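Pulled from TrEMBL:
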- 6-27: transmembrane segment (TRANSMEM)
- 34-53: transmembrane segment (TRANSMEM)
- 73-93: transmembrane segment (TRANSMEM)
- 170-196: transmembrane segment (TRANSMEM)
- 208-232: transmembrane segment (TRANSMEM)
Amino acid sequence: MDFHWVPVALLVLFRSLGFFMTSPILARREIPGQIKVAAAITLTVILTPIAPPGPIEALNTLPGTLLAVVSEALLGALLGLAASFPFVGINLAGQLMGTQMGIGLAGIMDPTSGNSGGIIGRFLETTAILIFLLSDGHHILLRALSFSLRMHPPGTLGMGASVANTLIDLSASIFVVGLEVGGAVLGVLFLAEAAMGFVARTVPQMNIFIIGFPIKIALGLGTLALTLPLFVSTLDRLFAGMESDLITLLRGM
């Protein structure tokens, strides 16, 4: 019986596991580890035939095997990390909006990270994930993973010099997305702060601190509700360009 596919499947498994550790949705803590491992094994069975068959020279020695395993896990992790940048930017926008509205202290425990997160950030990120799934975004992740096997067969990965530059460029999208998603709300809240500051100077008897809280919350939530269609269109554009961004990252490896 021919077992030449076993080393290939092993490396594909570690690439899939690395991808599951950092990719959006799949890396969330709500998904039990057993399900992640089972899904990675299932993906390995499906994707192994895509990988070029044959012996892998890197697995002839123990150091070579360890290096190959680490390289495969690193490739999968970098691919998943790049795909998660837009969601980080959306969460950042929500955190800034919540802080400016004055509800930053009303944090909730985020089960995906184990940390306390803002209500607005959690809402926007959950909405983005739902839209991502409804727009078949998970197919983008699977296509990117399968494309990586054809572009970088298991055991042949060599990180190019442009990988770091590509990751830096993609990580810059965190702040761009945050500004696009939260710019309108933050702008309105800034104007409200300026107006309340003017009122506080002209009418010092007014307790603007107490009055300002409900005003900022109402303005923030109202502006957020009005800009939700813009938020959805921004998500559609981001998800449409995600696959090309991931392919660009793979070409730089």
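For all residues, glycine too, the Cβ spot is worked out from N, Cα and C.
Predicted automatically and left uncurated, TrEMBL annotations should be read as such.
With Cβ pairs under 8 Å as the measure, the transmembrane segment (6-27) is packed most heavily against 73-93, out of 34-53, 73-93, 208-232. For the transmembrane segment (73-93), same-chain residues at least 6 beyond its ends with a Cβ under 8 Å from one of its own Cβ atoms are 14-24, 26-27, 117, 121-122, 124-125, 128-129, 140-141, 144-145, 148, 152, 157, 163, 167, 170-171, 173-182, 235, 238-239, 242, 245-246, 249-250, 253. Residues 82, 85-86, 88-90, 92-94, 96-97, 100-101, 124, 208, 211-212, 215-216, 219-220, 223-224, 227, 230-231, 234, 238, 245, 249 of the same chain lie 6 or more positions beyond the ends of the transmembrane segment (170-196) yet place their CB under 8 Å from a CB of it.
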